Amino acid sequence: MAAQEPSPPSSLEGNKPGFPKKILANKLEDKHLCNICLKILRRPFQAQCGHRFCSYCFNKAVSSGPQKCSACIKEDIFEEPTSILKQGCAFPDNAAKREVEALEAVCINEECSWTGTIKEYEANHEGKCDFRILPCPSCKELLRANELERHNERECPERTLNCKYCKEPFHFKNIKAHDEICPKYPMICEGCAKKKIPREKYVDHIKLCTKFRTPCRFHVVGCDMTVEKEKIHDHEQACSYKHLNLLLHFIMGIKVNLESLQPQSLELASHKVHELHQSLRELEQKMGQLSGAGAPVQGACALLPPPPAPTLGTSFTPLPTAVGAALELQLHSEKTKVAELSRRCQELELKVSTFENIVCVLNREMERSATTMEAYNRQHRLDQDKIEILNNKVRQLERTVGLRDLSIVEMEAKMREMSAATYDGVFVWKISDFSKKRQDAVAGRAPAMFSYNSFYVLIFLRLMLIKAAFICSKIQ
């Protein structure tokens, strides 16, 4: 489909070039062709020379001025001024128009089965055929007219969609990029698994979500656990000993670094002061030699005290020269640096002492936690003992229930045996206290007599009736 050429535009809104030759169902005649576009005449005009042209082609040709008729030149019948095409020298050829409009036509679009006249084609089918080829306004792909709407809605990579969350428009090809920044895009909390949280409210949800997993507060000293917010307190209590060890190692490492750093810094500063002292003596000697007063200067140098042991309070006599002043400034700068290092060392020592106090507090907290843990352990042991006692009682009850079940099974077996037993003989009913019951009967009192066998027979009959009622209900 994409390799086909687009269909020509409709001509009802204004003058257009001629009809394509392919629309004719019958043989094409030369008299029906425009002499400029070489297509079937559309609204034909006839010039003075007798040749016919489409109204659109003629007006376009003479719009820039009079033109020579190409058909006259081709047929070698050119004659002025008859063969000169210009405005007002041509008239609508209605006879040719009716003749052309009556020609049989078919649709030039592939798979379209429309047939009719050229007049019907221009009025009802041209520009309306569902099989005409049109370019997509967005991606420029050539498609049939009946497929263009579906293409624009579902297939075009350049189509514009509205986000179903924030309602903002975006191109389909940018859908993934938009989902990454959409403020209304639904997120899922990794902690509580709550769904459909807008991205703009996700951060606020995380701050309040008690199920969201966050790093332990002691991760800076080495604890790599991630715990739910609601369980952070339990984690800190359970791992307080581990946290104390991590914190102690961290603080001791800082202390060791500070202890190793301070002597090195002071030694380095003292070494620099010593080097400056030697450089100053050498410069004074050179200056004395250059000024011609070497002896006094050498004597002055000799009077200088030897470089003392590394100390921070060394001072020198300023020289009257620019070099001496520069050296004095450099020495002052070094003293300032040494003082700054001393100040930083003092601050680090203060921090170390603060950390040591924190460790002491944590040790006390650890002791309290250990005491609480011991109490919990005792209570746990008591609970375990109670659970064991209750388990023994449950086992005893289970044995009792088992014995009762056995008794019931035995009674059911006896019932089945009695229900299945048959007797072929004379039923003898022994009546106890016969003389007393006879006297009661003579006196008009109804004596009460019963038999264990009849009692069991009644129970059996009742069971059979219940079974029969159940079978009938199932049949229904």
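Each residue, glycine too, has its Cβ placed from N, Cα and C.
Bear in mind that TrEMBL entries carry predicted annotations, made automatically and left uncurated.
According to TrEMBL, the features are:
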- 266-293: coiled coil (COILED)
- 331-400: coiled coil (COILED)
- 34-72: domain 'RING-type' (DOMAIN)
- 125-176: domain 'TRAF-type' (DOMAIN)
- 177-233: domain 'TRAF-type' (DOMAIN)
- 125-176: zinc finger (ZN_FING)
- 177-233: zinc finger (ZN_FING)
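Below 8 angstroms of C-beta separation, residues 11, 15-21, 23-24, 28, 78-79, 81-87, 89-93, 96-97, 100, 103, 118, 122 of the same chain, each at least six residues beyond the ends of the domain 'RING-type' (34-72), sit close to that stretch. When averaged over the coiled coil (331-400), pLDDT in the model lands at 84. With DSSP states grouped into helix (H, G, I), strand (E, B) and coil, the zinc finger (177-233) comes out at 23 helix, 10 strand, 24 coil.
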